[in-house]
Amino acid sequence: MAQENTLEVADYGVMAGHFVLTVAVVIWSITRSSRGHSHGYFLAGRDMAWWLVGFSLYISDIGSISLIGIAGAAAADGIAVICYEFTGIFCVLLLGFVFAPVYISASVYTMPEYLRKRFGSRRLQIYLAVQNLLLLVFTKLSAGVFVGVLIVQQVLGWDVYLSLLVLLTGTALYTLLGGLTAIIYTDALQTVILLVGSTVLAVIGIVYIH
């Protein structure tokens with residue numbers, strides 16, 4: 001059930017500015033993307049700055065699920081919740097310094113593709129691809145979409161199906177049109193907004209508690 005909308009004109013102005021800025025970044029990134037070959041579409045031409053890649057990796061893991069789900073769990077159970085998230089740092093470092101060079105040298109784009117080259121089994125490639133797809137849909141993706149729809153529904157008062165349609169359509173359009181280039185640039189923008197907004201929210205929360 002949607003809560004009563006208590007937003008003011010300034011709130012709508014901030015949301016509208018965020019939307020316009022995001023659309024501008026999407027359009028700009030689409031014009032810069034190289035969609036004529038697989039390297040340009042799936043790997044962003046392999047010419048992205050390291051900090052852009054870092055921002056994209058960060059926001060891929062920290063998003064609406066973290067702001068609502070993990071923050072809520074931390075409010076209920078305390079700081080111990082961070083222990084689970086902290087272990088992810090070591091996994092990312094292991095991926096970047098140990099596994100990524102192997103994948104690059106093998107000229108592969110995905111883990112199933114690498115396993116096919118490594119073990120020569122197409123069945124293993126298909127099995128892992130299907131398994132990862134199902135796990136993504138039923139765990140990470142479904143939860144992320146639900147939280148996004150919940151935020152739109154609570155803030156704007158839209159119907160749940162309209163919110164779902166708008167979110168999925170917008171995401172699909174800029175992903176299909178711009179490839180990884182559009183994803184990385186929009187991720188970088190959202191990372192900056194998320195960090196600034198979360199910092200302000202944390203300070204307000206600390207002041208309010210005390």
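Count begins at 1; order follows the chain as displayed.
Every residue gets a Cβ built from N, Cα and C, even glycine.
Just so you know, TrEMBL annotations are computer predictions that nobody has curated.
With a cut-off of 8 Å between Cβ atoms, the residues of this chain six or more beyond the transmembrane segment (12-30) that come close are 155, 174, 177-178, 181-182, 184-186, 189-190, 193. The annotation transmembrane segment is assigned in TrEMBL to 12-30 (among others).
According to TrEMBL, the transmembrane segment annotation covers 50-73 (among others).
Under the heading transmembrane segment, TrEMBL lists 79-105 (among others).
As annotated by TrEMBL, transmembrane segment applies to 126-152 (among others). Listed as Cβ neighbours of the transmembrane segment (126-152) (distance under 8 Å, sequence separation of 6 or more from its ends, same chain) are residues 63-65, 68-69, 110-112, 115, 158, 160, 163-164, 166-168.
Among the features that TrEMBL reports, transmembrane segment is placed at 164-185 (among others).
TrEMBL lists 192-209 (among others) with the feature transmembrane segment.
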Long-range Cβ contacts under 8 Å made by the transmembrane segment (192-209), restricted to residues 6 or more beyond its ends, are 18, 55, 59, 62-63, 67
